[in-house]
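So that you can see what the record holds, here are the features copied from Swiss-Prot:
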| type | residues | note |
| --- | --- | --- |
| REPEAT | 41-125 | repeat 'Solcar 1' |
| REPEAT | 138-222 | repeat 'Solcar 2' |
| REPEAT | 239-317 | repeat 'Solcar 3' |
| TRANSIT | 1-27 | transit peptide |
| TRANSMEM | 47-67 | transmembrane segment |
| TRANSMEM | 95-114 | transmembrane segment |
| TRANSMEM | 141-161 | transmembrane segment |
| TRANSMEM | 200-220 | transmembrane segment |
| TRANSMEM | 241-261 | transmembrane segment |
| TRANSMEM | 297-317 | transmembrane segment |
Amino acid sequence: MSVFSQLAESSKQNPFSLPVRSGNCASAVSAPGQVEFGSGKYYAYCALGGVLSCGITHTAIVPLDLVKCRIQVNPEKYTGIATGFRTTIAEEGARALVKGWAPTLLGYSAQGLGKFGFYEIFKNVYADMLGEENAYLYRTSLYLAASASAEFFADILLAPMEATKVRIQTSPGAPPTLRGCAPMIYKAEGLTGFYKGLPPLWMRQIPYTMMKFACFEKTVEALYQYVVPKPRAECSKAEQLVVTFVAGYIAGVFCAIVSHPADTVVSKLNQDSQATAGGILKKLGFAGVWKGLVPRIIMIGTLTALQWFIYDSVKVALNLPRPPPPEMPASLKAKLAAQQ
């Protein structure tokens, strides 16, 4: 039985979707002693893995993120990574490099909950809707649809803290702490101040997440098929986690490229309360939206690899089922053989 057959079967017990029918998960997916695949507990643990993977990694790279944002909003002053670090330390001291750590931790933990938790749910539900054979044939489209759906909701959780973080990091007059800056934004702009950056945030994060999940899933599939000298089932958990890290880094490089223009707009938009996305794009031009791409590739590549590594490690630690790369269903093999 293929992984998507197992996904479809386990989705029948999914408590989050009424149309899904009842069924039992194959033992190949949920081994004895493991959390039941597709259960509410499984999704809750996946969401916890997302909280840890996104919250920890984004908070760890706050200094690089701060410099990246400053390059985007003030490229005349912050001309590069090294210059950005030197200028920030010289003018504000080393402690300034961790500005925005609190909204980063809270915002991206919430986003990770939605990103990974909802992805697992949507992937299972969409696989059940497609059926076993179509879920295999159109698995890339399934990954793209599930990740886009998950990120749509995850960004609603992220937007308020992202707006606060960027204001702290890039606006000289803004309070340097979450408890000081968030009330200031609310007093001056109301709830709109926290969510005015949501559309460009979707523009940045949805393509990013679609690339992140689809590229990761396909890269893992390719690595086990063409690079790793033995089947996944014969690899140790440590070896599997190495494959996860490599696939995550490759996915991260592509993620950074497809989402960078929108990331620049988000940074500019949250810096200036009077700015609009259209006005920023017109002012920056094509070349301007690519400012800060190199540090973002370094940041996002490392970030994505670590996120997948942490997420997969959480699954291992919590004894969650980790289905192998998909295989062609036996029914589809029979149809193809009959056509030859």
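Count begins at 1; order follows the chain as displayed.
The backbone N, Cα and C atoms fix where each Cβ goes, glycine too.
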Exercise. Where else in the chain does the transmembrane segment (141-161) make close Cβ contacts, counting only residues six or more beyond its ends and a cut-off under 8 Å?
Worked result: 103-104, 106-108, 110-119, 121-123, 126-127, 130, 135, 178, 182, 194-195, 197-198, 201-202, 205-206, 208-210, 212-214, 217-218
For this session: For the transmembrane segment (95-114), could you work out the same-chain residues 6 or more beyond its ends whose Cβ comes under 8 Å from its Cβ atoms?
Result: 47-48, 50-55, 57-59, 62-63, 65-67, 85, 88-89, 150-151, 153-158, 160-162, 164-166, 168-169, 176-178, 181-182, 307
Problem set entry | Structural state census, the repeat 'Solcar 1' (41-125) (DSSP three-state) | 74 helix, 0 strand, 11 coil
